[in-house]
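Q: Please find one structure pasted underneath; my questions will follow.
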Amino acid sequence: MPDRNKTLAVIAVAGLHGMALYGLVTGLGVEYIDRIATVLRAENIPMEQAPPPPPPPEVTPVEQATTTPLTPRAAPPPPMDARRNPYSANEFVIDVPIRPVEPITFDPPGPSPTPSFEKPAFTPKSVRPRNDPGLWVTTSDYPAASLRRGEQGVARFEVAVGSDGKVTDCRVTSTSGAAELDAATCKYVARRARFDPATDGSGARVSGSYSGSIHWVIP
């Protein structure tokens, strides 16, 4: 504790100087004080510390022995005497023969007969053009009004054909974009087209239909 000792020494020196000054003022001290020196020593006496307490004694855990209860075992049966007859005089052994199991057989059903259909005596045929379809409409048939307006296009048609091969009706199924060209298509096809009529399975002629198209291009 060096700071504390230094502080005590300073206080002591200041006290002595104060007493000397008081003596001079009161007239009690007339002698010249050459030197007043008081040395105070402060010693730091360490305090004796008590010894630390002894460590607690080590306790060794004691393992308790575990006991497993014993299960009583049944006494083994006494050994059999091979010389002893296992059957008494009143007991009989009868061997019953086992009849073999007869396998069950069955005949799987055969394939079902294919139903027979009467085949037609003739192959049905559809309507077929008798003359060249390229001659049904020509460039000379181009409507004058459509030529002046520069109209072109493809007109698709369908005609009904009777049992005699003649066209009985005509209709435009897809327009060319010009009414005059559509009208000219059915007009000339109905007039110039010739057909072989359709036939059924018996070979008889029946009515049918035919579809085609005319491509109108300005010559």
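Backbone N, Cα and C atoms are what each Cβ position is placed from, and that goes for glycine too.
In case it helps, TrEMBL gives these features for our protein:
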- 7-25: transmembrane segment (TRANSMEM)
- 46-83: region 'Disordered' (REGION)
- 49-59: compositional bias 'Pro residues' (COMPBIAS)
- 60-73: compositional bias 'Low complexity' (COMPBIAS)
- 105-134: region 'Disordered' (REGION)
- 127-219: domain 'TonB C-terminal' (DOMAIN)
Q: Mind checking how the domain 'TonB C-terminal' (127-219) divides into helix, strand and coil residues in DSSP?
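A: Once the DSSP states are binned, the domain 'TonB C-terminal' (127-219) shows 26 helix, 34 strand, 33 coil.
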Q: Mean pLDDT across the domain 'TonB C-terminal' (127-219), rounded to an integer, is what?
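A: Averaging the confidence scores along the domain 'TonB C-terminal' (127-219) gives 95.
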